[in-house]
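Peer 1: I have a structure here, written as structure tokens, and I will follow up with some questions on it.
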């Protein structure tokens with residue numbers, strides 16, 4: 001029997017039954033428990049959500065900027081009041097350690113909403129003089145109804161990253177969470193309504209990407225799709241969005257990011273950064289620095305420092321505050337990660353630690369994979385080329401700066417990159433050469449609300465967060481005013 005009641009769709013300010021009779025299960029990956037049955041939206045539900053969003057968006061956009069800002073700030077306050085409750089639910093649904101969800105996921109999501117709530121009154125047009133008798137003014141108008149499609153690794157945070165700028169700009173949003181982790185997004189919808197966001201301005205449709213995601217992407221009256229997920233799926237979403245009605249898109253996709261340790265680096269700091277870049281959130285972070293480049297002369301010393309730190313990982317029940325490493329998000333994903341680990345062994349990478357499923361005690365019922373470190377890796381190996389999205393670090397040796405920059409850029413992805421060095425000149429020189437949209441020097445992973453994030457190459461299109469993302473949820477209308485005579489050639 002499920003722990004929670006049947007989860008319905010959230011449309012037009014409240015829960016409604018789906019037109020589709022099918023449901024799917026939300027599973028706790030720490031122990032296999034069925035948390036809830038969730039209704040699967042039908043195609044008619046997508047249309048119902050669009051109609052509600054169109055109605056609500058007109059009301060929302062007609063409010064003054066200050067009114068919209070106040071309502072969004074109320075939502076921030078409610079999020080913070082319910083931080084622990086939301087974090088507990090997120091941990092059950094994702095398997096993420098409560099130490100992450102309680103102190104990072106909800107907190108940083110609320111920070112992003114607060115950031116955009118403060119920017120609402122700053123959405124302004126321009127006045128452009130042409131001549132004494134004429135000028136142009138511009139208006140930044142909302143797009144209308146937009147859609148967000150989320151990934152399973154940061155459910156409520158991603159929903160906030162997408163909805164905050166969209167709502168701040170006066171749009172309505174239809175959001176489809178990942179089928180794997182849907183629960184907290186439904187709670188976010190409740191919070192928006194409680195804060196005073198008009199009915200229909202934030203709707204949640206649950207179900208598969210293959211069906212519900214496709215119907216959303218193809219709907220002709222949705223003006224934009226913001227998608228977070230894998231590159232292959234992102235390409236399909238982008239193609240569908242374009243072919244259906246030339247929708248605008250934001251794509252935050254996969255990565256295989258390089259972390260370069262230089263020969264002057266503080267190796268203890270470098271090892272700490274590498275651990276965070278590979279094992280935080282059990283390795284399920286799109287920006288992870290999974291290709292760790294280390295000078296050959298320092299590789300053995302660096303490996304020893306990594307092994308020393310792996311021993312400090314506290315794996316176990318993610319509801320335990322002392323744990324910092326939980327299960328993977330699902331048993332299906334666990335099998336995928338184990339398959340990559342097997343390929344690493346087959347292709348000749350040297351296994352330093354891990355390499356298998358964690359077993360015994362609490363681990364037997366959950367989707368736990370041991371923190372895994374491979375070394376003596378080569379650029380052609382599958383574990384070095386493809387995104388694994390799990391706790392698997394690959395260490396690669398190198399000799400020269402030119403070599404490591406070339407190899408770091410030898411990937412179809414370009415989401416993130418980082419370097420560790422004491423040489424500030426080298427730091428800036430190398431960062432400017434790396435083909436990645438998010439870069440860190442002597443750090444890894446922080447993505448503040450003010451910081452635009454997004455990828456180069458096949459890691460994405462557009463940006464999330466920062467002022468520029470707010471503009472991506474508006475369109476510019478140009479208006480010319482003529483005060484003088486008008487001359488016709490006819």
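Cβ coordinates come from backbone N, Cα and C, glycine included.
Just lifted these from Swiss-Prot, have a look:
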type	residues	note
BINDING	27, 93, 180	K(+) 1 binding site
BINDING	150, 151, 152, 176, 177, 178, 179, 230, 231, 232, 233, 254, 286, 387	NAD(+) binding site
ACT_SITE	162	active site, charge relay system
BINDING	246, 457, 460	K(+) 2 binding site
SITE	248	site 'Seems to be a necessary countercharge to the potassium cations'
ACT_SITE	252	active site, proton acceptor
ACT_SITE	286	active site, nucleophile
MOD_RES	286	cysteine sulfenic acid (-SOH)
ACT_SITE	464	active site, charge relay system
Peer 1: Please report how many Å separate the Cα atom of residue 152 (NAD(+) binding site) from that of residue 180 (K(+) 1 binding site), as a whole number.
Peer 2: 6
Peer 1: Tell me the coarse DSSP state (helix, strand, coil) of residue 457 (K(+) 2 binding site).
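Peer 2: Reduced to three states, the DSSP call for residue 457 (K(+) 2 binding site) is strand.
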Peer 1: Enter the number of other CB atoms within 10 angstroms of the CB of residue 179 (NAD(+) binding site).
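Peer 2: The answer is 21 other Cβ atoms.
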Peer 1: What does DSSP say about residue 252 (active site, proton acceptor): helix, strand or coil?
Peer 2: strand
Peer 1: Using the alpha carbons only, what distance in Å do you get between residue 457 (K(+) 2 binding site) and residue 93 (K(+) 1 binding site) once rounded?
Peer 2: 32
Peer 1: Would you mind reading off the Cα separation of the residue listed as 'active site, proton acceptor' from residue 93 (K(+) 1 binding site), to the nearest angstrom?
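Peer 2: The Cα atom of the residue listed as 'active site, proton acceptor' is 22 Å away from the Cα atom of residue 93 (K(+) 1 binding site).
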Peer 1: Between the recorded positions 233, 286, 460, 464, which lies closest to residue 162 (active site, charge relay system), Cα to Cα?
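Peer 2: Its closest listed neighbour, by Cα, is 464.
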Peer 1: Long-range same-chain neighbours of residue 180 (K(+) 1 binding site), Cβ under 8 Å, sequence gap at least 6?
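Peer 2: Spatial neighbours, sequence-distant, of residue 180 (K(+) 1 binding site): 152, 329, 330.
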Peer 1: Restricting the comparison to the recorded positions 93, 150, 179, 233, 464, which residue's C-alpha is spatially nearest the C-alpha of residue 246 (K(+) 2 binding site)?
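Peer 2: The smallest Cα gap between residue 246 (K(+) 2 binding site) and any of the recorded positions is with 233.
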Peer 1: What does DSSP assign residue 150 (NAD(+) binding site), in three states?
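Peer 2: DSSP assigns residue 150 (NAD(+) binding site) to coil.
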Peer 1: Between the Cα atoms of residue 150 (NAD(+) binding site) and residue 464 (active site, charge relay system), what distance do you get, rounded to the nearest Å?
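Peer 2: Distance (Cα to Cα, whole Å): 13 Å.
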Peer 1: Can you give me the same-chain residues 6 or more apart in sequence from residue 177 (NAD(+) binding site) with a CB-CB distance under 8 Å?
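Peer 2: Set apart from residue 177 (NAD(+) binding site) by at least 6 residues yet with Cβ under 8 Å, we have 150, 155, 159, 185, 186, 204, 206.
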Peer 1: Is residue 27 (K(+) 1 binding site) helix, strand or coil when read with DSSP?
Peer 2: strand
Peer 1: Same-chain residues six or more away whose CB lies under 8 A from the CB of residue 93 (K(+) 1 binding site)?
Peer 2: 26, 28, 35, 155, 181, 182, 183, 184
Peer 1: Report the nearest neighbour of residue 231 (NAD(+) binding site) in space among the recorded positions 27, 248, 460, 464, comparing Cα positions.
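Peer 2: Of the recorded positions 27, 248, 460, 464, 460 has its Cα closest to that of residue 231 (NAD(+) binding site).
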Peer 1: Could you check the binding-site residues 27, 246, 286 and say which one's CB has the most other CB atoms within 10 Å?
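Peer 2: For the binding-site residues 27, 246, 286, the Cβ with the most other Cβ atoms within 10 Å is 286.
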